[in-house]
Every structure is written in structure tokens, then in C-alpha cells.
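Pulled from TrEMBL:
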type	residues	note
ACT_SITE	His312	active site
ACT_SITE	Asp369	active site
Amino acid sequence: MSDSNKSGLSEVTLAAGDKNVVLPVQHPTLGAPCIDIARLPKETGCFTYDPGFTATASCKSAITYIDGDAGVLLYRGYPIEQLAEKSSFLEVAYLLMNGELPTPAEFSAFEHEVTHHTMMHERLKNFFQGFQYDAHPMAMLAGTTASLSAFYHDTLDLEDPEQRRLAAIRLLAKMPTLAAAAYRYSIGWPIRFPRNNLDYVNRFLHMMFEVPSEPLEMNPVVAKALDLLFILHADHEQNASTSTVRLVGSTGANPYASVAAGITALWGPAHGGANEAVLKMLAEIGTPDKVDAAVARAKDKNDSFRLMGFGHRVYKNFDPRAKIIREMTHKVLGELGVNDPLLDVALKLEEAALKDDYFVQRKLYPNVDFYSGIIYKALKIPTEMFTVMFAIGRTAGWVAHWLEQQEDPENKIGRPRQIYTGSASRDYVDADKR
Ligand code: SDX
């Protein structure tokens, strides 16, 4: 029996004027019961108003569960802590897409298929030439991801489950290739082919950092850290970018366009763009002695400054991913022999904020983006690529949700309503009478 079933709530009654409307309650496996308001407009002539969908379930999903108060994150029921310790990003991608952990034979077949879809069409490389060299890599990633639909016409029939599956594989396989190509183009280095003899993460690192003049020495510490970061970023229920993928997918748009829309949504500093914004904020604060002034600014309602990497729509406790990344930060920087003064600023900022009533009362804790930037910097990933790294990991969740949505019998085109605040109907006024 689910937690919400224990509430015993099977329906609610809404007193709407002289009418009582009985609304059914739907129960999840875990989490809060949901009042089904589909009949509300017909029964009462009213809609509901919920900006930002803070209290609204947009769909049913079996992929990921978050308990924001307890700081719990499950991928297909498996705690993120166990997956972080025992799994790999590609195995987690399989889990998110298929619902179960793969057998060794299943994983081997999956890895082989992903590995053999990592190349991009040679004509697609020309798309990068159209960008200024200093274009933001998220712009290049969004543009080239959407353009995949111009090349892969054999995966555009969404009625065909095999074509849907292959499109998901292609997106998972090619995202690192496109991401590395965007980086290489921005620094004027030749775009590298993916090497099939390397695993998913080392293949990406090779495409990012290998130079023609000398072989790249792979660093297992870097690869393990990156694999873990991709696991932690892989999925997160109906966050803004995943909801965007679903909304675009609900129109019947192809998966490449749907995921490209997710990339653009992730870019915002309130979402995936926060990891880049955190590092800029830490650099702007500069030294631990300036942390208190930054906290004061973040509390000042007349100052738009916010502590990037703090707060979360769902987590009102420590983001479990931030806990794992925080521990990993010290380990990775130690193993790489990196002494980053920004880490001292981050630790001081975390300490100051977690003691401050403003943050405590609003349950603002460090989120997944607070420490990830420091590790990416230690891995020599350039700041502008931080959100691109988030996109690589989140592609696993985006394609898993897109596949789930396409098979959902309750899936329908997303079309929210509004509270109209404009003019009532009025007649046109000729220009000479205005
Ligand atoms: C991600 O949804 C997901 O799951 C996202 C994500 C994922 O994996 O997909 O987890 C990834 O996007 C993490 C969040 C990264 N963003 C940031 O770190 C940017 C800084 N954080 C804030 O912008 C904010 O906390 C949000 C956007 C994350 C959450 O905003 P909410 O839930 O809409 O909260 P709110 O804006 O209504 O804030 C509530 C109060 C307000 O104060 P009051 O009006 O009550 O006085 O908290 C304050 C806010 O001003 N507040 C902050 C703050 N975040 C919220 N004040 C200072 N610094 C902050 N960071």
C-alpha cells in the first residue's frame, strides 16, 4: 500500500456556490495523493490557477521519484546513493529508459548499439561553421540537436516503437559528440571522431581534449568523477527542461526537436544554467571574507542577487545529489592535487547560509549545481561548458520521459489555460480618431 493510500482519501468534495462537486483522488506508488480536476470546468465553470505548476501533476510517470522533505531521489525505485556507488551512467541510462537494471548480456548489447551511433553525419559538422567562434556552446548544442531530425528520417515515424527506440539511442549516443564538437569549434581545434574502443565517458573526454599532435593520457579519476556527475544529473522528475521535452513531445514533434527544446529550457540560470552561474558568483565573491556581504545581498529584496546553487522547487532539505557531489569534490580535488580557492569560498558560503534564518526558514539548501561547477573546473571543463555537461547527463532522462510519454494512453497535447487580464471586447478606432 502506498503512503498516500494510507491517507484513505478516495475523493474530495468542493463546495462551488450552491453546488458540491465530488472529485476523485488518484494515488501514486509513493508521494502525495492527487486530486483529479479534469471535471472541474464542466462541473463548476472554473479552471485552477497554479503559476509554475507548484502544486500540479502534469502526468503519470514511473521513472523517478523525489521526496523533497526527506531529501530522497529514486531512479526506477533505486536510491541515487546506491546507483552513484555501484552503477555507471550508461547502465543508469538503460535503467531509466527500460525500467529495469540490465543483465550483463542486455548491457553489452545496449553499450554496443550506443557506441555504434556516436558519429555525426559529416554534413552536420558544417552546421558548426555557421556559428561565430564565441557562440555559447548551448546555442550550438540546441541547434545541432534539432538538426539531427534533418538527417535521420528513419526515426521520425512516432507510431513505430522501434523508430522511437532508435531515436532515443541516437540522442544518447550523439549528445557527447555534438557537445565535444561545440567545444572544439569554439577553441579552433579540429572536431574529433568518437573512438569506439573507449567507454562512454572516456570517449567523450577524448573528443574534448585529444589534440592531433600528441596522444591523450586518459585519467581514471577524471573519468570516474564525470561518470558519477552524469549519473547524478540523469533525471529529476518533471523539472522545467523535462516538462519542456514532454510538452513539445505532446504535439507529435520529433524526438530531436523535443530534446532540443529541453536543452534550451535547461540553459536558464534558474535551472541547469545555475552551475555556470555558481562559479561566476563564487569568483565574484572572490574570498571567504566577502561571503557575509554576499549573503546579505541575497536576502535583500531590493537586490536581484540570489545565491546561485541554493534553493529548489522540490527539495526542502539537502539535495541528495549535492551531498554526494560535496563529498566527491574533496576527494577529486585531492586526487588531482587541485587546490581551488573557490572551494574555500563555497564552503564558507554554505556554512554562512545554512546558519542564517532567512535560508533556514525558506528551507534553502545547496542544490546539485552548487558544487558541480568546482569539480568541472578541476576536470578542466571550461565554465561555458558546464550546462552542456548537465545536458549530456540529462539526455538519459529526457529520452526516457519522451519514450514513456509516447506510450502513455493518457498522453494528450499540453495546452494550459490562463487568467485573462486584458481588455474586454472593444471596437476598432481609426487612426485619425485615436
Ligand atoms: C536545478 O526542478 C528541478 O528538479 C531542477 C534541478 C534538476 O535536476 O532538474 O534540480 C536542477 O535547476 C536546480 C536549481 C538550480 N537553480 C539555482 O540554483 C538558482 C538559484 N535558486 C533559485 O532561483 C530558486 O531557489 C529556484 C528557482 C531553484 C526555486 O525557486 P522556487 O521554488 O520558485 O522558490 P521561490 O523563487 O518561490 O523562492 C522562495 C523564497 C523567495 O523568498 P520570499 O518571496 O519567500 O521572501 O526563497 C527565496 C525567494 O526570494 N529564494 C532565494 C533563493 N532561492 C529562493 N533567495 C536567495 N537565494 C536563492 N537562491
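Glycine residues also receive a Cβ, built from the backbone N, Cα and C atoms like all the rest.
The model shown is predicted, which means the values in this text are computed figures rather than measured ones.
For His312 (active site), the number of other Cβ atoms no farther than 10 Å from its own Cβ, over all displayed protein chains, is 21.
Neighbour count (other Cβ atoms within 10 Å of the Cβ, all protein chains): 29 for Asp369 (active site). With respect to their backbone Cα atoms, Asp369 (active site) and His312 (active site) stand 11 Å from each other.
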